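A quick write-up on the structure given underneath.
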């Protein structure tokens, strides 16, 4: 921090300004400020991870609408999702704290509603983040299983198909490694965030060039942009309905950019760097994601076969497409397996960033006394790392994944709140920004000027629309093995948070708790 002259360190004006602003917001500087704007951006970009989101949810997009719903739907989602990101960035600039969304709700909802608004927003956000960690790391375990299956001969060649218990063991090992990485000081953790950003950019660049150039059979531009798949095996034939369900792939691929907000207490020039991390990560992910999506879809020529559970990859569409592409060209699918390895590394780095974001949110939420045993979770060690809450994040993610042993339907219900839980927590402070705080909101260095309220209303309308889409039935007739439990899961979070508020929390929770004397 600065240089040394006459035995005394020179003050860092930027660091002093960040510390002073944090004190105005009510908190002491306890975490180490070691992140630049690039590092802050890198964490969100690594969590959004288009290699992760597009690859792991491609089956959904291919089944519901196919190429047209994915390639054109991506542009629709990117446009409206950009409004959500811009509104969040504007609020983040005004309130750069690790608490992020729940702190924003408290400040924007008005004095009377602040505690309840903060409580509900916080619980949606942290549960959504737990589910996000679970979803990403379990997707990686499933991808590793597919890589092993194809490497040992495929499902039709005597390949090794791991049981659900083996997949859970792989998942557990991944979680533990992520916990160990997140136990490192912020300087080392920053390196993993930057590696995640670099790997996604480099990975997309390599795969976008490699995949179409290797393919002997490529889909036409007309097929990529206009072919609409209605043969989904789910007895859904209404094109508008199918298109609506197909948008969910693009929406899931764009979550997690609140990480930049949760890292602001560890970021230099946080009032500007945090918002720029949010906006730039969403913008670049939208561009890179679309290009990557086009590249993948260029080798999709037989949709029913790719979705068929009896193919070599067990119905994992992208794995089968890559394996087939290289096998047709070279007589071996090794190149396709290598491509899956590149994607697996991106998913691993995404999971690392998920635990990082999750732990910082847990640290801030417990610092304000909102979690059971809060005094344990907000402690930091000598390296200024919230170690206890890092391992709490890992433990909760492990427990959530145990539902996979019961049924995949139950597991999907659990992780569905990864998307909706987070987006609801994104929308709540924006709702308050354009309603109760429409006249009192004081913007920070990053602001939208007179367009702020308009962009905010568009963001709120989009999240409301997406919430309805996620709750629609995904198959007919509706049965136990295809029932969409998303509204049950999300409704459960709402019911439990409101129930806890009415019965207990309203008597003591007052929202963000000031821990400095001179807070504004």
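The backbone N, Cα and C atoms fix where each Cβ goes, and this holds for glycine too.
Per TrEMBL, these features apply:
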TRANSMEM  34-52  transmembrane segment
TRANSMEM  72-92  transmembrane segment
TRANSMEM  113-131  transmembrane segment
TRANSMEM  143-161  transmembrane segment
TRANSMEM  168-191  transmembrane segment
TRANSMEM  197-215  transmembrane segment
TRANSMEM  272-293  transmembrane segment
TRANSMEM  333-355  transmembrane segment
TRANSMEM  385-405  transmembrane segment
TRANSMEM  411-434  transmembrane segment
TRANSMEM  454-479  transmembrane segment
TRANSMEM  485-503  transmembrane segment
Can you work out whether the transmembrane segment (454-479) touches the transmembrane segment (72-92), with the criterion being 3+ CB pairs under 8 Å where the paired residues are 6 or more apart along the chain?
yes
For the transmembrane segment (72-92), distant same-chain residues with Cβ under 8 A (at least six beyond the ends):
61, 65, 100-101, 104, 108, 225, 243, 246-247, 249-251, 254, 257-258, 260-261, 264, 274-276, 278-279, 282-283, 286, 289-290, 293, 423, 426-427, 429-430, 433, 443-444, 446-448, 452, 455-456, 458-459, 462-463
Between the transmembrane segment (333-355) and the transmembrane segment (485-503), are there three or more C-beta pairs closer than 8 Å, counting only pairs 6 or more apart along the chain?
no
For the transmembrane segment (113-131), which stretch among 34-52, 168-191, 272-293, 385-405, 485-503 has the most Cβ pairs under 8 A?
485-503
Using a Cβ cut-off under 8 Å, which residues of the same chain at least 6 positions beyond either end of the transmembrane segment (34-52) come close to it?
132, 136, 139, 186-187, 190, 192-197, 199-200, 203-204, 207, 253-260, 263-264, 266-269, 272-274, 276-278, 280-282, 284-285, 288-289, 292, 342-343, 346-347, 349-350, 352-354, 356-357
Paired segments the transmembrane segment (272-293) and the transmembrane segment (197-215) in contact, 3+ CB pairs under 8 A:
yes
